């Protein structure tokens, strides 16, 4: 018996699922949104200029005068951030001491600059820097002077954060399928909160960097567990709902984060503000259930039965004796699944079968493109110019209208074509910024909407293609490989400081390639989730569904093939040859719904 059929009897989307999703799983998206991007502002680089000790008394009241006296300008007229004039500032100070404030404001150092026109050479900053505190009162960059020849350390911090996400996803893939969805989620949540809060008390940069690595271990993985649990608690017709609301919650988390940053401008206080309130999620520890689908897949039918009884009771469904007998019948007919309770699946299981191997590689490629571009565009928002906080708010808010269009689209048009169109539109918009630099902000918003749309569809499609016994492992494997993107993207953005369109061109090309690769995957709309590796292997790629067409004058020779009887309830797809005298044709028929699968 398929688990989706059991779920229909207890209520595939009743009051129980609604309460769990809205009260627990939606707030669970906030930790990932908060901690993934708060580092952009914790380690923000404000405007800075060289510090001159002799001019220190005038810095607070006559900052423009001090800059004119000590800081050269570049070819665009902006003050240099890493160089200063080598002047005899003692003589300049004596001149300033005998001038009233009104004269100092009027002159703006024009006469003073003429005192030493030939001897004023430009040298690197000798005595540290002054920072513009109009936006941020304190950041990691200000506290430990991560500017000029040390500015690469800010990019290094993002790279280390990405490396943590890569390793964390790898470990999380085993934990979520070994421990279950609920224990692994709370273990990562506790580690994330503790590390982020501890980073607020870091006394030097290496300690802060190490703690941010620990936070990076948890950020990508902590969103996967509640999402997987949500889609496993509902029927196939409600997976789109879970995907949409999960991403709406994530985007709202970005918008809320922008509001928190607007209020809290000190990096230590901000670290606490984005971590300590998340302790409230532990109040739902006893409310959040384990996934009964996972329990059935690993053979823990008794635990699954107890949870299903609770779901039925809350949903107003009466548990009959026939229902309990059917559960026992599933336990008897799926002894292979029960034995898997002592069998731990590994990454190699994703590559044993031909179809599973191909689907895993394609999903991983698309996931890499999506993660790289989504993170890259979010990191790129401050480089758009203007108010950095407002740009980040806009980058999060522009995602919300996308979900309103996806909601009916995924139900009526399926997953594959929407994924392709979203990635193609986003990629073309990013590449177009090189040709139309005057509308970079508009194209950026279009690209952000495209990648946000594809980022909604991809986890849904992947979760419906990976079998239950390796779903967490498969999604985590794809996420692990995809986390190479956030490691490389900060470096590309850093290199693009001289050419702002370069990162967008790279990200656009990735999206276009991934979009065309998505056409190879099969459509999963209104299909039952595969439970075992055999059921997952039985679903072929869409582009490979066509049989080889033979010549009309050739007679096909019958072959003695060994017939394999599929397991009861397995979603097996059969090739059926047409009994016509013309060229050989084929169609693929699902053994459950008896409907023909469409090909490209």
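All residue numbers here begin at 1 and follow the chain in the order shown.
The backbone N, Cα and C atoms fix where each Cβ goes, and this holds for glycine too.
Averaged over the domain 'Major facilitator superfamily (MFS) profile' (104-526), the predicted model has a pLDDT of 82. Residues or ranges marked as domain 'Major facilitator superfamily (MFS) profile' by TrEMBL: 104-526.
The transmembrane segment annotation in TrEMBL covers 152-173 (among others).
What TrEMBL lists as transmembrane segment is 185-203 (among others).
Residues or ranges marked as transmembrane segment by TrEMBL: 209-229 (among others). Sequence-distant contacts of the transmembrane segment (209-229), counting only residues of its own chain at least 6 positions beyond either end whose CB sits under 8 Å from a CB of the stretch, comprise 24-25, 28-29, 31-32, 35-36, 39, 156-157, 160-165, 167-169, 171-172, 176, 181-182, 184-185, 188-189, 191-192, 195-196, 198-199, 202, 242-243, 246, 250, 288, 291, 459, 463, 471-472, 475-476, 479, 483.
TrEMBL lists 241-264 (among others) with the feature transmembrane segment. Only residues 6 or more beyond the boundaries of the transmembrane segment (241-264), in the same chain, are considered here, and those with a CB under 8 A from a CB of the stretch are 13, 21-22, 25-27, 29-30, 32-34, 37-38, 41, 223, 226-227, 230-231, 234, 270, 273-274, 378, 389-390, 392-393, 395-397, 399-400, 403, 406-407, 410, 452, 455-457, 459-460.
What TrEMBL lists as transmembrane segment is 270-288 (among others).
Counting residues 6+ beyond its ends, the transmembrane segment (361-383) has Cβ neighbours under 8 Å at 36-37, 40, 44, 158, 254, 391-392, 394-395, 419, 423, 426-427, 430, 444, 447-448, 451-452, 454-455, 458, 461-462, 465, 474, 477-479, 481-486, 488-490, 492-493, 496-497, 500, 503-504, 507-508, 510-511, 513-514, 517-518, 520-521, 541 in the same chain. Residues or ranges marked as transmembrane segment in TrEMBL: 361-383 (among others).
Summarising the annotation, TrEMBL assigns transmembrane segment to 389-410 (among others).
Marked as transmembrane segment by TrEMBL: 417-435 (among others). Distant neighbours of the transmembrane segment (417-435): 366, 369-370, 373, 377, 406, 409-410, 443-444, 446-451, 453-454, 457-458, 461, 501, 504-505, 507-512, 514-516, 518-519; these residues of the same chain sit at least 6 beyond its ends, with a Cβ under 8 Å from one of its Cβ atoms.
What TrEMBL records for 441-461 (among others) is transmembrane segment.
The transmembrane segment feature in TrEMBL is assigned to 473-493 (among others).
The transmembrane segment annotation in TrEMBL covers 499-521 (among others).
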